[in-house]
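What follows is a short report on a single structure.
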Amino acid sequence: MSPEPNSPRYHFSQAGKTLDHVDAHVQVICRIRPLSPQEEESGDTSVVNVSDDHTVSVNNKGNEQRFQFDRACGPETTQQAFYDIVTEEMLRNFFLGFNGTILAYGQTGAGKSHTMFGSSSDQGIIPRISHSIFSHITEGPSDVEYTVSISLMEIYKEQIKDLLKPGNKGKECTVHEDKVNGVFVKGLSHAFVSSANEMNEVVHQGSKRRTVSSTLMNVESSRSHSLIQIVLSQKNIDKGSITKSTLFLVDLAGSEKVDKTGALGLSLEEAKKINLSLSVLSLVINSLSDSKSTHVPYRDSKLTRILQESLGGNSRTTLITNCSPASSCVSETISTLRFGNRAKKIKNSLHVNTELSVDQLKSESGFPRKIE
């Protein structure tokens with residue numbers, strides 16, 4: 001079908017030709033939480049140390065292992081300080097028209113949800129970033145018209161549920177792909193918001209519908225992957241061009257060993273699906289970090305399919321590896337750190353997502369002009 005006379009069409013710059021195309025590795029930031037009261041009571045000791053801003057050391061029964069990341073943050077790092085480290089560059093690029101992804105990974109109880117959501121008195125990345133987005137808009141140029149929409153979904157037992165629909169009513173959402181939209185979730189609802197408070201209220205209401213339950217390792221364990229999608233549209237009023245960028249904020253369910261969590265019945269079934277999904281994520285990252293690999297199994301799970309652009313595609317991506325310092329969790333912590341080491345080898349290819357008006361398309365393509 002032909003586009004309407006004045007409808008915009010996507011224009012993507014080509015690598016090496018313009019400044020709006022960038023190759024960037026996945027950024028990996030490690031965050032070590034403090035020992036929990038439960039770990040201290042059980043006699044656990046801290047075996048993880050942040051040696052400097054980039055190095056994490058693990059003492060595994062006298063054998064020290066060191067891991068290097070883009071940034072390493074110890075238990076003393078506040079929510080505000082960690083937020084600044086993670087989002088400063090991400091937000092700047094988001095408003096330039098680049099897609100972004102912030103992904104929290106780690107075992108059950110490692111601090112992922114605290115990092116991403118936090119509490120009312122100690123907010124995490126998600127409630128803070130809404131204020132930053134609308135501060136940028138308020139301070140932005142007067143000839144730009146901004147539109148912000150937000151979607152919330154969870155992947156629970158390999159089913160995609162829309163968290164903006166009360167009771168998750170309606171058909172299960174499905175993953176589709178086409179030339180115009182790329183990979184997208186069909187049937188997912190979008191809420192248009194005009195302030196940080198509106199956005200946070202939408203997130204609050206949607207998050208209450210997320211599936212959680214208690215395990216031996218976590219009183220309120222997330223049993224699903226939570227994905228928040230923020231779409232920013234910036235229309236240049238004078239030129240008619242539109243820049244659209246998408247930001248994914250992802251709080252993954254925790255990897256877990258069922259003998260430690262005490263999972264039985266439904267919880268055991270949930271754990272198997274969580275571990276299967278995270279296993280595929282690991283396979284995708286292994287494939288992308290191996291230059292000899294010829295196949296990336298994105299389609300083997302809903303999570304990796306939705307995040308296809310975030311991993312090896314058109315997105316500036318930051319992976320947060322959340323770790324416990326406890327001696328009882330040393331094997332899981334080392335596994336998480338190794339996961340982060342592989343992820344930082346992934347190279348994404350980013351471009352500014354600009355829709356040009358017909359007049360701009362004609363100008364750029366050297367459209368024949370009428371001779372007087």
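Cβ coordinates come from backbone N, Cα and C, glycine included.
Owing to the predicted nature of the structure, the values given are computational and were not obtained by experimental measurement.
Pulled from TrEMBL, these are the features on record:
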- Gly106, Gln107, Thr108, Gly109, Ala110, Gly111, Lys112, Ser113: ATP binding site (BINDING)
- 25-346: domain 'Kinesin motor' (DOMAIN)
Three-class DSSP secondary structure - Lys112 (ATP binding site): helix
Number of other Cβ atoms within 10 Å of the Cβ of Ser113 (ATP binding site) across all protein chains: 26
Gly106 (ATP binding site) in three-state DSSP notation: coil
Most Cβ neighbours inside 10 Å, all chains, among the binding-site residues Gly106, Gly111: Gly106
Number of other Cβ atoms within 10 Å of the Cβ of Thr108 (ATP binding site) across all protein chains: 25
Same chain, 6+ residues apart, C-beta under 8 Å of the C-beta of Ala110 (ATP binding site), given in sequence order: Arg33, Gly254, Asn322, Cys323, Ser324, Cys329, Glu332, Thr336
Neighbour tally for Gln107 (ATP binding site), based on other Cβ positions within 10 Å of its Cβ: 25
